[in-house]
Amino acid sequence: MAGPQLSLRVATLLTGLLECIAFSGLIFGWTSLVFVLKSDHYFEDLSPALSDITQDSKLSLIFTLASFSNNFMTFPLGYIFDRLGTTVARLIAISCDLCLFFPGTAPMLFAAFPMLAVGGILFLLTNLQVGNLFDKHRSTIITLYNGAFDSSSAIFLIIKLLYERGLTLQISFFILCAFSIWHLIRTFFLMPRGHIPFPLPPNYSYGRAERSQGTEDEEVKKEKVELRQEANGPSLAVQQEMAKTDESDPRSFRCCVLSWRFFWHLIWLSSMQLWHYLFIGTLNPMLNHLADGKQHLVSTYTNAFAITQLFGVLCAPWNGFLLDRLKKKYQQEARKKESMADLHSTFPSLVVTSLLCLSFSICASIPILKLQYFTFILQVISRSFLYGGNAAFITLAFPSQHFGKIYGTVMMLSALISLLQFPIFIFIKGTLQGDPTYVSNIPVTTPPSPYMRRPGPWGRG
């Protein structure tokens, strides 16, 4: 790899990492922002029709909508990314981030934060492809970016600390919007217009031209083939073969989504994600309950939780490192196809992630305030492993040309499960009298076998 090429790739990697840390997962710093919103007396002047709903319930509903949008909109966004390329996807993300200009009143929060979540997931989605530039460390880089997504939740801690020193929430949001210039610079000078292919073609030259030296651009080739087909028309035998391939090709998007591998991975992700969302959404009420309403203690533990989120970027790459090492080990020992080695390497990662989430769940269910420091540590590690492992698993278990759509489908369907967090929150506030520790020990599903090929109504895996 030539010097300028390496420099360009490293610059793309590092600036993308900074972008994800600062902007992609802001809504998951919700606990810090709730403290500010309560101090600013949001929702106190709402209409009497909503007077029977507590302030905590209103804030929980906003987070539910934002986290739901973060997942549910990933499928259409993934389709846009696959179909229209990186530049279009990132311009949409930048437009969504500008919504922070407007949340001056409480009702605007219901629109602003779901849009902020949509913009954040698009920044992550367009940056994940950077891992394709570093083949031997691909899983490590993908999980590193997911860890950066987790770490970005600490940005709201910074806003909280600035608020306590006199800076208003509106000014902090305006500053975040001003950083759209940074996104535009990366979009037009570092990121590709289309996609970064995987595996990379021979002598691939990374840059805005996105061409492989000495060979035709893949998009140009595709256009030429399409023009020839339009001029001549495929033969009947070719048409029949194409129809047959569309239905039965294991690499087709339809076959991937209807596979047992996809189904069990979805169940595994959704169950653990629901608990993480519920924990973040109810952390402020839980701390109030355990601290007997002492706001200085609530503030201290809120800051501690936000600070631990910063270390997500350091925790997640260990999962990717494990995947890369195991992949190499299986390839050397078994001498099988690369895809099969990839699938074998994911299973230990899924097991470790499940055990981490189970430990976090048990620790959070113990109503001891000081123990929550350890809960915060387990939470950030398990969450980093969960999302980093999810993205890495999809890149290894399914064809790369469907990554955006499959990643989006998984997140969209898991979003439907995440909607359960709001009725659970109402149950906590009512029946459990504000004590969420009774529902903390949600069962964690065992990881599915990543190479499952059991036949059934969902198709083959």
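Heads up, the Cβ atoms here are built off N, Cα and C, so glycines get one too.
Feature annotations, reproduced from TrEMBL:
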TRANSMEM  12-37  transmembrane segment
TRANSMEM  57-81  transmembrane segment
TRANSMEM  112-130  transmembrane segment
TRANSMEM  142-163  transmembrane segment
TRANSMEM  169-189  transmembrane segment
TRANSMEM  262-280  transmembrane segment
TRANSMEM  300-322  transmembrane segment
TRANSMEM  343-368  transmembrane segment
TRANSMEM  410-428  transmembrane segment
Check the transmembrane segment (112-130) against each of 57-81, 142-163, 169-189, 262-280, 343-368 and return whichever range has the most CB pairs under 8 Å. 57-81
Contact call for the transmembrane segment (57-81) and the transmembrane segment (300-322): at least 3 Cβ pairs under 8 Å, seq gap 6+: no
At a Cβ cut-off of 8 Å, and with pairs 6 or more apart in sequence only, do we get at least 3 pairs between the transmembrane segment (343-368) and the transmembrane segment (142-163), yes or no? no
With contact taken as 3 or more Cβ pairs under 8 angstroms (pairs 6 or more apart in sequence), are the transmembrane segment (142-163) and the transmembrane segment (300-322) in contact? yes
Contact call for the transmembrane segment (12-37) and the transmembrane segment (410-428): at least 3 Cβ pairs under 8 Å, seq gap 6+: no
